[in-house]
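Only one structure is covered here, and it is reproduced in the block below.
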């Protein structure tokens with residue numbers, strides 16, 4: 001993979017993770033982060049430049065979807081789950 005293409009993929013990976021961590025819902029947040037990591041690990045050995053570009057374009061579309069869903073989730077936020085409350089003492 002060319003250096004510029006590698007930098008582009010890493011930048012896209014970081015942007016997707018960063019944006020996914022903004023989901024207000026715990027389940028969406030953990031699923032999105034896990035799915036992004038799995039997808040990038042699955043495709044880390046791809047060498048064909050055409051296939052890499054196809055995957056990058058798909059990831060850019062997915063990043064747009066994540067941004068849109070994060071925004072919608074913030075409009076209709078819900079209470080935090082018990083698992084998210086770290087201030088509560090454990091018994």
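A Cβ is built for glycine as well, from the same backbone N, Cα and C atoms used for every other residue.
Record features (Swiss-Prot):
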BINDING   6, 44  pantetheine 4'-phosphate binding site
MOD_RES   47  N6-succinyllysine
Excluding its own, the Cβ atoms lying within 10 Å of the Cβ of residue 47 (N6-succinyllysine) add up to 7
Rounded to a whole number, how many Å is the Cα of the residue listed as 'N6-succinyllysine' away from the Cα of residue 6 (pantetheine 4'-phosphate binding site)?
11
